[in-house]
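Pulled from Swiss-Prot:
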- HIS83, HIS182: heme b b562 binding site (BINDING)
- HIS97, HIS196: heme b b566 binding site (BINDING)
- HIS201: ubiquinone binding site (BINDING)
- 33-53: transmembrane segment (TRANSMEM)
- 77-98: transmembrane segment (TRANSMEM)
- 113-133: transmembrane segment (TRANSMEM)
- 178-198: transmembrane segment (TRANSMEM)
- 226-246: transmembrane segment (TRANSMEM)
- 288-308: transmembrane segment (TRANSMEM)
- 320-340: transmembrane segment (TRANSMEM)
- 347-367: transmembrane segment (TRANSMEM)
Amino acid sequence: MTNIRKTHPLMKIINNSFIDLPAPSNISSWWNFGSLLGICLIIQTLTGLFLAMHYTSDTLTAFSSVTHICRDVNYGWLIRYLHANGASMFFICLFLHVGRGLYYGSYLFLETWNIGALLLFAVMATAFMGYVLPWGQMSFWGATVITNLLSAIPYIGSDLVQWIWGGFSVDKATLTRFFAFHFILPFIVAALAGVHLLFLHETGSNNPSGLSSDADKIPFHPYYTIKDILGVLMLILILMMLVLFSPDLLGDPDNYTPANPLNTPPHIKPEWYFLFAYAILRSIPNKLGGVLALVLSILVLAFIPLLHTSKQRSMMFRPLSQCLFWILVADLITLTWIGGQPVEHPFIIIGQLASILYFTLILILMPLASLFENNLMKW
């Protein structure tokens, strides 16, 4: 008799995705982040669901309802901080996952890569709207500043902003719709993640060497299930250390002050995971130019497969490209730091140089380095 997991219509899908899936024998821990992102999404959805049971999306009571969750609801403080810091862990895993894809040439799986880029946009939109919900000072002013950027779009800009706001400023209507969108988007993210996996399993995983691994495959279970469990335990350890020892480490103190439209905070800045894009936005004096640069800083990921000029897939055997890749990582860390600094000398010029370097590396230097490496190989 055939095993039920291989015949049952539903079990068969799970079996072919997580149990009998043929996987390369040499994939490193950099391949753990896909499963970690899945765990992050589950944690965020569950904690978010429980928070939504006690949250009220009204400007008069939103801030109080979050306070009520932390003070009066059983383990409400734990759920709230798991959700807030879970978002940070989500983005750490996202950045490492994308970085892995860049380094090892995984972007040559076009459908998987482009759905991944779409997923990144969707998660960023979800996180932005979630940050508005506690209705603190940074929530309100962050929402005002970021939504206002759409007014830079020629002709329809101001109408578009008022349409999103549901009025002439960020107010009750804005908060209510942001809560609705913040609730529905994670389910869209989950569906997209399913499609992401579907396309990945059409080709099979890439591996560190970038070479075909068809001749050397091993079953996903037990090898990679055990390996993924180790990653999950490490993720939960870091998350719990954050939540239980320093839950406000990555937050902004201004968000413990209720939103006040009459009082602007001295430094308006988003959560740490948006700071690199915020720095790029601020480094261009023109409003429309800044918005375009902001969108392009993420959208550039979609162009990376077109810029692949190397004869090798992975960077494993390409020292020059490796060097440029790590310069790009350092540049992104610099941009993240600059995004959190006030707009004054010397931060302005550092931000502008780092922004120019970011686009130059991706669009010009890395493709040129690949061409140069091709010539070194005498192919």
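All residue numbers here begin at 1 and follow the chain in the order shown.
Note that Cβ sites are derived from N, Cα and C of the backbone, with glycine treated the same way.
Taking the features listed in Swiss-Prot, we show where each one sits on the structure.
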| residue | record | Cβ contacts under 8 Å, 6 or more apart |
| --- | --- | --- |
| HIS83 | heme b b562 binding site | GLN44, THR47, GLY48, LEU51 |
| HIS97 | heme b b566 binding site | PHE33, GLY34, LEU37, GLY116 |
| HIS182 | heme b b562 binding site | GLY48, THR126, MET129, GLY130, LEU133 |
| HIS196 | heme b b566 binding site | THR112, ILE115, GLY116, LEU119 |
| HIS201 | ubiquinone binding site | ASN16, SER17, LEU21 |
Among 33-53, 113-133, 226-246, 320-340, 347-367, stretch most in contact with the transmembrane segment (77-98) (C-beta, under 8 angstroms):
33-53
Find the member of 33-53, 113-133, 178-198, 288-308, 347-367 that has more C-beta pairs under 8 Å to the transmembrane segment (320-340) than any other listed stretch.
347-367
For the transmembrane segment (178-198), distant same-chain residues with Cβ under 8 A (at least six beyond the ends):
17, 37-38, 41, 44-45, 48, 52, 55, 57, 112, 115-116, 118-119, 122-123, 125-126, 129-130, 132-133, 143
